[in-house]
Each structure stands twice: as structure tokens, then as C-alpha cells.
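Trainee: The structure follows.
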């Protein structure tokens, strides 16, 4: 082969390899992409059928029913409500009236079967360990509006 033909074959090979790699990356990205839907969107059939998605809203008051590791509750956005079934241990912050995000699929019976449940918290959340450390070490600095830890040395 002439040098020009060799270069052409090399360029075509590189372009083909980059194209295959890009297709594989996009396919992997698309299969791991999980969208967020509100209960109103799920009720309006905007959520994908047979595919995982995230359902977010508030845990409806009085809806939590525990049966061993199986927990049933209702997620609402104050417009529509979707029943959820989850098997596993719930996060410590999971409470009625608080925000929650559940990842899973909508069953044929209209019940959202969650694989994972995440409890949402507001921006003022502080882990219990940090709150205890702050109480032991000192108070908060009200002038600045932020929490300050005072270091004490023996």
C-alpha cells in the first residue's frame, strides 16, 4: 500500500473506533439515567412504563404501615398521591409529613415498588453527632448567623 492509502485506512479506523466508543458510552449513560417525577406527573401517566424512575414528594400523614421489613406508605405532592411499597430498612430521617425520594418502578397495580428510599431534609439539617459536638463544645454565634465550634484544649 502507498503511504496515502495507509493514512486513509488509519484515519477511517480511528473514526470507527471513536464512533463505537461514543455509542457504548451513550448507551451506558442512557441505561443509568433515572428521571424524577412528582405524584401528579405519575398519575397523569408521564412517567415511563417498565423503567425505573424517582418518585418524590411528602410522606402522607397516617399512611405508613410496617409489616416486618415491608413498609407501605403514600407519597403526595398535595395534588395527587401514589402508594409505595418498599422492602428494606428506611433511613432515620424518614417520617410522615417529611420529604422523600423513592427510586423504583410503577407496578401494574398502580403501586410504586421502590428499590431505594431517600429521606429529604432541609438546608438546616445537621447530623446528630455534629449537634452533640456543638452542644458540648459551645454555643452558636448568633451575630453571624452560622454555627461555630469552639476548640477547647486541656
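Glycine too: its Cβ is placed from the backbone N, Cα and C atoms.
Not measured: the values here are computed from a predicted model.
In case it's useful when we look at the structure, here is the feature table from Swiss-Prot:
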- 121, 125: heme binding site (BINDING)
- 131-154: region 'Disordered' (REGION)
- 1-7: topological domain 'Cytoplasmic' (TOPO_DOM)
- 29-154: topological domain 'Periplasmic' (TOPO_DOM)
- 8-28: transmembrane segment (TRANSMEM)
Trainee: Tally of helix, strand and coil residues over the topological domain 'Cytoplasmic' (1-7) according to DSSP?
Mentor: 5 helix, 0 strand, 2 coil
Trainee: When you measure from the Cβ of residue 121 (heme binding site), which residues in the chain that are at least 6 apart have a Cβ under 8 Å away?
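Mentor: Sequence-distant Cβ neighbours: 93, 98, 99.
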Trainee: What does DSSP call residue 121 (heme binding site) in the simple three-state scheme?
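Mentor: The residue in question, residue 121 (heme binding site), is coil (DSSP, three-state).
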